[in-house]
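Colleague: Take a look at the following structure, please.
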Amino acid sequence: MLLPCALHSLLCALSCAWWLHGGAASRLKSPSLPIQPETEPLPFKGTSGCSFGGRFYSLEDKWHPDLGEPFGIMHCVQCHCEPQKSRRGKVSGKVNCKNIKQDCPALDCDNPVQLAGHCCKTCLQGGKKQIDSVLNTFDYFRRKSKEREEELHKSYNDRSYLSSEDVGPGESRTDFVAVLTGLKDLWLPSSSGVARVRFTLTRSSLTFSITYQRMGRPTKIAFLDSDGTPAFEYRVPKGDSDMICGVWKNVAEPLLRQLQSEQMHISMSTGQRDEVEGRIIKHRALFAETFSSILTSEEENSAMGGIAMLTLSDTENNLHFILILQGLIQHRDRDPILVPIRVQLLYRQHILREIRANITSHDPDFAEVLTDLNSRELFWLSRGQLEIAVAAEGQDPRQISGFITGRKSCDTIQSVMSSSDALIPGKTGGVGSAIFNLHDNGTLQYQVQVAGLTNDVVSLTIELKPRRRNKRSVLYDLTPEFSKATGQAIGSWSRLEARHIHMLLQNELFINVATAHSQEGELRGQIKALPYSGLEAPRHELPTPLAGHFVSPPVRTGASGHAWVSVDRHCHLHYEILVAGLSQTDDLTVNARLHGLAEIGELDDSTHMRLLTGFYGSKAQGVLKDISVELLKHLDQGTAFIQVSTKLNPRGEIRGRVHVPNNCEFGTRSEAEEEEEELEDFLSKDPEELKKDPHTCFFENQHYPHGSSWTPNYDKCFSCICQKRTVICDPVICPALTCSRTIKPEGKCCPICDERKELKDVKAPERVDEHPEGCYFEGDQKMHAPGTTWHPFVPPFGYIKCAVCSCKGSTGEVHCEKVTCPMLTCSHPVRRHPTDCCKVCPQEERTTAALEHSDMMQADSPRYCKFGKNYYHNSDSWHPWVPLFGEMKCINCWCDHGVTKCQRKQCPLLTCSNITRTEGSCCPECLDDKEEDDMVMKAPDKRQTWRHH
């Protein structure tokens, strides 16, 4: 096991110096090794915090360092990201770690126990309480499940059941909204565009859905902190949709606090300098909103707009609405004034309702209710034909307006149908799955599929929640569109009433599948919105159905589910799994597994089993990156399976066959290949877009993106790189040749050995046939002739003299290796030039003594290892010393040709029933054997004087 990166971080955090092997200097000398990315994306420039062990921590964060195998999590060490202020007032983070074992309380019990994951020992009674608290957490979910079953037969007016979400501990959600309008600028014309953004914060991930009007498709979205500094930028993918969906992952803790306190803004810009901006706020209307409208002005460069959030009353035809207005009220005085406004409900420019009121200039939001909408008004509302207009009256009359439609978002309206959720619950092993799409004109498109049923389908219906048990209330019959051959029903429902749209978006509708054996329904599922996750899952397509019927042998279960699976351009697997009807009493934890099979029947073969995740509730999602070529092949051929196993059915309770066509015959792509493709995408951008990037370099009358490298026109023997508006050009450094005769080919910068005395003989005939152009090297982006050698060019460091690359003419491959420095016997070696790789002796100074400390500092020598501040010879072994913890005697480290490897001591398997662990021992012991040893130690013997502490 190699020395973990987190252990480096812990040592570095305590010593404030890069004295570990593998630090900054070592990275500069090892260009042939790929640069390892952080496990999580680094924060945007301007975000303060601490980087530790490949992860980023916000200011004031505390954690126990995870040093990886074999060390594990150091529960007795606590690290803290402390804010540090420089002389210029800039705040940065500094990692400070301390041993907290000394803070453990004194215990008055006889036999304290060491609980897993804890530093301090605990009395058995206290430990029992802690375990009980965990069980109480599970008890909470069971009670919630029971409460929902009881709520099922209440009136649909009570939304406590239908609006609740299946979220686990720490999974609370917070919704935000923002209205974006043009900015007032003295020099540039303002935008007439208006955008509405709906946000959902889950843990540290912020998803957003954006709709916009009166502006072109945006190209960039920026989140601004309280100082107006960009904290995160999102580049909008190309497309023709008026909906933008995105996610900001791993939001830093300070920014989360700003978000919760409504101090953040969001801006959106297009390629034509059309920019809108607004503040991100919480709002009480987001929970109940089912209809919405974006309010725009017909004036050019108006820089004003707003949104309307609307909802119907549960029992009466009253339309409640809240207006959020921006730029409509022109008042710059400090003291607020009352401004008269007029709100109208229109149909084809005809005024149906009108409300006049006064609002304050500093708080231009307005809430009201339109009572007793008649049947025509409700019909026009359902068809998206009602318009709401808001006008400011007085000396400067201005107006904004927009059509009212069903609420828009990137969420997916879907349903999983299971026999466990049927009105008469059963365990049939069948499954139903449905997705819906609501259009502005009130049309609801649907795609439904069923499988594994006990008998033929006799009806497929969309229904209300029953007012009484087994008393169904059918809204729409999908049976005429159902095909027995495919098991699917695909069509549209064009007569939704406004009340139906309201109930659909409040998760108050159900879909029911009745069969010949179950006339009231064999399968049933709630139609509800699945929040947008940010994953590249094809939610517009029918998902893969998961059923006990597909397990071999089939499982008669009341559970079912469906899954969206996709493979992205990097050959990473994105998955979203939803289940319904699982028994939360017996199966609290659900495991989702992906099965890759050569044959469908070989279900007992676990060699291709890959664990995706464990999840609580009804949903699991994520990305699997390290996928084997064989598994990708099975996905492409349709011989892979998603399987959900439970405690009751560990070999699979529900399963579904997955077919994901892909072009990943060479497996998952490396990070370097992904970065290269991203750079190519950036280079292929519109030149006008490239000019707007603040990090772009302008050189020789051409723009280059940050991070790119090229050969300049003024000298082909130079290489240039762009580093945040700065161009750095270095001359090509030629490697030293040991041959007696060299030549310099035409058009090349470095000489090569002329082994055959003739230039035409330099290239072997077989090389010309196979690879006439030689090798292409990504670093300098040049072709190299077969047989040539060169020092690699690695942005942003330039040419690296501590490595030499060569072109293999027979294969066209580039092979790079580190330069091996010679052993030195002098006491004070030096580098003749700062760019030299190896040190040399300044004079003919030689010594036969053991290797000096300065010789060991040659990072290029593979014979010695450096661990902490100590150096070790090849094959040396030792117990590692970890700061704040001391010597770890249960872990052995050894030096293997310059590489430090560590392994935890393997403990024997004990067969006794009474097991104990003594202080300072690595492995548990049998209590009976320990008592015998104690008797031996008490006997009068010379060995009694030798003790090991």
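In case you wondered, yes, glycine gets a Cβ from its N, Cα and C as well.
Remember, predicted model here, so these are calculated numbers, not experimental data.
Pasting the feature list from TrEMBL:
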type	residues	note
DOMAIN	48-124	domain 'VWFC'
DOMAIN	172-285	domain 'CHRD'
DOMAIN	287-408	domain 'CHRD'
DOMAIN	409-532	domain 'CHRD'
DOMAIN	538-663	domain 'CHRD'
DOMAIN	695-754	domain 'VWFC'
DOMAIN	773-842	domain 'VWFC'
DOMAIN	863-927	domain 'VWFC'
SIGNAL	1-25	signal peptide
Colleague: Please compute the mean pLDDT of the model over the domain 'VWFC' (695-754).
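Modeller: A mean pLDDT of 80 is what the predicted model shows over the domain 'VWFC' (695-754).
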Colleague: So, taking each listed stretch (48-124, 172-285, 409-532) in turn and counting its Cβ pairs to the domain 'VWFC' (863-927) that are under 8 angstroms, which one gives the highest count?
Modeller: 48-124
Colleague: Summarise the domain 'VWFC' (48-124) by DSSP state, stating how many residues are helix, strand and coil.
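Modeller: For the domain 'VWFC' (48-124), the helix, strand and coil counts are 4 helix, 32 strand, 41 coil.
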Colleague: Can you tell me how the residues of the domain 'CHRD' (172-285) break down into helix, strand and coil by DSSP?
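Modeller: Tallied per class, the domain 'CHRD' (172-285) gives 10 helix, 57 strand, 47 coil.
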Colleague: Mind checking how the domain 'VWFC' (695-754) divides into helix, strand and coil residues in DSSP?
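Modeller: With helix first, then strand, then coil, the domain 'VWFC' (695-754) has 0 helix, 24 strand, 36 coil.
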Colleague: Looking only at the domain 'CHRD' (287-408), how are its residues distributed among DSSP helix, strand and coil?
Modeller: 8 helix, 64 strand, 50 coil
Colleague: Mind checking how the domain 'CHRD' (409-532) divides into helix, strand and coil residues in DSSP?
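Modeller: Summed over the domain 'CHRD' (409-532), the classes give 11 helix, 59 strand, 54 coil.
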